[in-house]
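Undergrad: Next up is a structure, given as structure tokens.
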Amino acid sequence: MTTIPDEERPSAEANVKLGTVAIGLWRIFSRRERLRLVGLFGAMLLLAVVELATLYGIQVYMSLISSRTPDLPGAIGPWVTGMDLRTRLVVFSAALMLLFALKLAIGIGTYALLARAVSLQKVSFSNRLFWAYQYAPYLWHLGRHTSELQRNLTADTSQISNGVVLQLLQLALNLVMALSVLGFIVLALPPVLVGMICALAAALFVAGKGANRQLQRAGREARNATGDMMKAVQEGLGALTEARLMGTRHGFIRAFAQKSRDFGAANRKTIFVMQIVPVLLETLMLVALVLIIGFIVLTADSIETAFGQATVLAVAIFRLRQTLTKVANSTNRISSFSAAFPPLAADLKELEHHRAQEDAGVSLIEAPTDGFAELSFEDAGFTFPGTDAAALSDINVSLKRGEHVAIMGPTGAGKSTFLAMLLGLIQPTSGQVKLDGADLDSVLAIWNGQIGYVPQTVFLTDDTIAANVALGLSEAKHDPERLRMALDRAQLTDFIATLPDGINTRVGERGGNLSGGQRQRVGIARALYHEPSVVVLDEATSALDRATQSKVMNAIATLPQNPTVISVTHHLDTLTHAERVILFGGGRVSVDAPVDDAMRNEEFRRVTQAKDFEGAA
């Protein structure tokens, strides 16, 4: 995987230019989304044309009211000249109302297209990002906090859709409208007034740039505070029992309150700037209106002419004020919410290419292959990024089909790193890992589809027992016979028989309605549900009594597919089910022998008989 170095990764702390955001969004849009936007821009241009036609219609209508003959193109002029004033007013009133109705219809259609484009983009972006996180490499996740990813998938994607994409589209729409209205005004005014308006616009632009800088800073502060608040909530609720017993709940409360205050301070700044910019804009527009009306009255031939011209220009300036206010609001919102875009776009760019590589493994979850002959580690080693000391060095181990191998060693010996490499979660930084002669990374999807894995801490969703065993599969895809057999082998049949709802009993958040041993057995049933050819147990029976543990291990050993069993353990009594034991020490294999031979090995006895070994984590 090509990982973007931290120093090169786009930061939410940097100011983001509007053009950069727009180009970045266009690049991550799919072809369908781009075509949808092109159609939307066409509707915007049509609406701008109708806006101009409406203003021109008002100008003609006002000239009729002021008893002047309007300047009309082609044959329309003589035709209108032949009408009396009453007929003209009736005809032009009806025409103007039809024009208003047309503008309304096109406006409704344009905003419907805009709303659809934004909502579909939100769904698409959040789904793509979640998919990317699901397929992200193991090491990538080790460097990210789950609260950060939760914020990215929820708050940040909403801010990007509603605060950036929507606002960019509204900005484009209102800029087109503003330019069309401004063009109408400029053509109707003398150069001196155009110059005055340009000076006012320049002042507004300078003020807007300053406001944007403030909003970007506030947006970054609010985003950081949101992530910190989510982290504080996770930690405070996750440690609820311990904090209650230790009397430290106020520490978590204070941490959350501080982050809430940080968010409130940033939000206060955002609200103030967003409110003050429209007020400034309105003041400048009123100044422009007074100057224009004063100039028209002083230079017009008659009061009737001045009235007609002033009214039309007042309507145009009112429309310009509306659109420019919307432009300012959109620009302010983009400045405030754009901080989330660069890091999320970088995540998507970095991770999305893994989707195609991993797609092949999806079908294998339900239909594992017939297994393998040998998994071999050849001088394999691993060093975590950012560290100098190797976690594993010179590992030369072969695991054959049908073996039951126990993995032992003190804390920090390298067992977890070896297990991560065996599962394909990490690739060796030196040496190789091969599956039947092929590089493991090249057949990773096939290998993953054969593994049933039970971690030290089993994660359960707030769903039924059946849904937790068949994790990730819809209820329609549950195989009742496989469920029954997996639960029976995990020694859960008798327990489930006591439940009124049986396998449809909900386990609560993180399995809170179950005991520790029951949660562990649900995890074992989950690993056995797909009838794997490799069963990996990472201290997976530590919460079981010895009788239940023995029954579970016997059930696994007698599985019809004759699986390879890899069992990480700190307890010597579990070796009765193993044929071979591998002892790790200092990131290396110190003993690799049949159990009986290992028990006579001096190094093995020294390590396993140490006072701090039995039951070590």
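A Cβ is built for glycine as well, from the same backbone N, Cα and C atoms used for every other residue.
Feature table excerpt (TrEMBL):
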type	residues	note
TRANSMEM	37-58	transmembrane segment
DOMAIN	41-336	domain 'ABC transmembrane type-1'
TRANSMEM	89-114	transmembrane segment
TRANSMEM	168-187	transmembrane segment
TRANSMEM	193-211	transmembrane segment
TRANSMEM	271-298	transmembrane segment
DOMAIN	375-611	domain 'ABC transporter'
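On this model, are these features tucked inside or out on the surface, and what's nearby?
TA: Through the fold, the transmembrane segment (37-58) approaches residues 29, 92, 95-96, 99-100, 102-103, 106-107, 109-110, 113-114, 117, 169, 172-173, 176-177, 179-181, 183-184, 312, 315-316, 319 of its own chain, all at least 6 residues removed from its boundaries and within a Cβ separation under 8 Å.
Distant neighbours of the transmembrane segment (89-114): 36, 39-40, 43-44, 46-47, 50-51, 53-54, 57-58, 60-61, 64-65, 80, 83, 166, 169-170, 173; these residues of the same chain sit at least 6 beyond its ends, with a Cβ under 8 Å from one of its Cβ atoms.
Counting only same-chain residues 6+ beyond the ends of the transmembrane segment (168-187), those with a CB under 8 A from a CB of the stretch are 18, 21-22, 25, 37, 40-41, 44-45, 47-49, 51-52, 55-56, 110, 114, 117-118, 194, 197, 313, 316-317, 319-320, 323-324, 326-327, 330-331, 334.
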Undergrad: The domain 'ABC transporter' (375-611): mean pLDDT?
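TA: Across the domain 'ABC transporter' (375-611), the average pLDDT comes out at 88.
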